[in-house]
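Chemist: Submitted below is the structure of interest, expressed as structure tokens.
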Amino acid sequence: MTKKNDLAQIGVVGLAVMGSNLARNFARNGNTVAVYNRSPEKTRALISEHGSEGNFIPSETVEDFVASLERPRKAIIMVKAGAATDAVINQLVEAMDEGDIIIDGGNALYTDTIRREKEVAAKGRHFVGAGISGGEEGALNGPSIMPGGPAESWETLGPILESIAAKVDGVPCVTHIGPDGAGHFVKMVHNGIEYADMQVIGEAYQLLRYGAGMEPAEIAETFKEWNSGDLDSYLIEITAEVLAQTDPDTGRPLVDVIVDAAGQKGTGRWTAINGLELGVPVTAIAEAVFARALSSSAQQRQAAQEGELPSGDLPALDVDRAAFIEDVRRALYASKLIAYSQGFDEIKAGSDQFDWNVDPRDLATIWRGGCIIRAKFLDRIREAYDNNADLPALILDPYFKNELAGLIDPWRRVVVAATRLGLPAPVFSSSLSYYDSLRAKRLPAALIQAQRDYFGAHTFHRVDKPGVYHLEWSGDRSLTRTEN
Ligand code: NBP
């Protein structure tokens, strides 16, 4: 515990699971931490259970909390995103002075962060929206942190955030992402990629389980093997553990006693909505969000099962099992590549729209540790952008193109197999369509343009000469050049 007149280098407001773990992480790394929670019981519980882990200064009012901070004061808010965050910001702005820094470490929508930064800056305080990934375990032992806000706040905050971030090869998984909402934007897309990553793992499991007829424990072994290759990642690692787990009550595989309705808190949905708004096809992410929604449509699913929607002929899997397992691994890898490629496209589009200047290499670096999508292949992504900062798409990097050459045939076979087996694989199959759309010399968009011109005189461009054209569909079918 601290001496009476010590001041804290950092403060944490909101001591539910994330806030209390983050406060402990700060304290364990040699920082004196001021802590405050609306209900004082949580503050008292933190001190009584973990007070010996480092230097904490607990307060039961916002005023005492602010007074216990060293200047410029730095306070991280870890409360429920939305109205609670606004309430706490207002209290802190009131109690703080010019130049003090308020950091929102919750999962805020980036547009809220942009608004909040303006409001807080107008009152002479600094505001930093920081995405924090890694869940409760990461918060305690080293998260990946994505701070936005003014560059000058980063100068002050950088060292203290580096002290608690995960480290990979000695490099802390935190860096200044860009101004105002850049940090929360990038965290949103990170979560969108996480949705897609989890879904493709789910689709691989579904195919092995109900296509190849493997038991969860056997699939756990397969995932363990996969984790030592290209797919080496946190999510594959925990999937192997989850599938090996039995239910303490019944002894059955745990995955079999869990209701198959996936929850969501909104960041995946935001990523998909933002992709639609920016016109960036984040199909893998959107399909993953829809897949969760479909899984939770209990009534419809039950009606569809009771009404026994026709399945058509479903022949059993007629290929060599070992070959099928390897094909599924490659299809998973390919679909995952598409998800990341699309996520990086969305970040580039957001960065361009808001003039954030986000460097994709930074993300490939700070996502290597601490966060949920940490994966070995982020090193390859970093190399791809090192080699060409203006890559038109991640999958067009020479290394990934070469990888895809070895993945494409198995990927097609798996999508065909899933279709023939009647097993849903929405991200595997839509990612393949996305890939083939990008490759296509001609898309049916020409036909769509003609249809639009037919019913709405929306005009079209020609492949052979400049200008904008309209055909008199309901008249003499003559062609008019409407613009040069
Ligand atoms: P919760 O999101 O469950 O929020 C609970 C905290 O918010 C408590 O400290 C509660 O105080 C406080 N709070 C509320 Br609710 N309304 C308040 C108000 N009007 N004024 C002041 N405090 C208020 O906590 P969490 O799961 O620890 O997450 C914290 C943040 O971190 C969230 O934004 C979350 O999205 C984000 N996040 C969570 C994870 C994760 O894995 N859980 C991962 C990454 C980011 P009380 O004790 O007085 O009710």
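For all residues, glycine too, the Cβ spot is worked out from N, Cα and C.
Unlike curated entries, TrEMBL annotations are predicted automatically.
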Chemist: Looking at substrate binding as recorded in TrEMBL, which candidate out of LYS167, LYS224, LYS265 goes with ASN107, SER133, GLY134, GLY135, HIS190, ASN191, TYR195, ARG292, ARG452, HIS458?
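Modeler: Answer, per TrEMBL (substrate site with ASN107, SER133, GLY134, GLY135, HIS190, ASN191, TYR195, ARG292, ARG452, HIS458), from LYS167, LYS224, LYS265: LYS265.
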Chemist: Of all the recorded positions given, namely LYS187, GLU194, TYR195, which is spatially nearest to ALA16 (NADP(+) binding site) at the Cα level?
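Modeler: Of all the candidates listed, LYS187 is nearest in space.
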Chemist: Using a 10 Å cut-off, grab the number of neighbouring Cβ atoms around the Cβ of TYR195 (substrate binding site), all chains included.
Modeler: 27
Chemist: In whole Å, how far is ASN107 (NADP(+) binding site) from LYS187 (active site, proton acceptor) when you measure between their Cα atoms?
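Modeler: Taking the Cα atoms only, LYS187 (active site, proton acceptor) lies 8 Å from ASN107 (NADP(+) binding site).
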Chemist: How big is the gap, in Å, between the Cα of ASN107 (NADP(+) binding site) and that of HIS190 (substrate binding site), rounded to a whole number?
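Modeler: That comes out at 11 Å between the alpha carbons.
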Chemist: Greatest CA-CA distance (Å) over the residues ASN107, SER133, GLY134, GLY135, HIS190, ASN191, TYR195, LYS265, ARG292, ARG452, HIS458 that the record ties to substrate?
Modeler: 49
Chemist: Expressed to the nearest Å, what is the distance separating HIS458 (substrate binding site) and GLU194 (active site, proton donor) at their Cα atoms?
Modeler: 39
Chemist: How big is the NADP(+) site in terms of the longest C-alpha to C-alpha distance among GLY14, LEU15, ALA16, VAL17, MET18, GLY19, ASN37, ARG38, SER39, VAL79, LYS80, ALA81, ASN107, in angstrom?
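Modeler: The NADP(+)-binding residues span at most 21 Å between Cα atoms.
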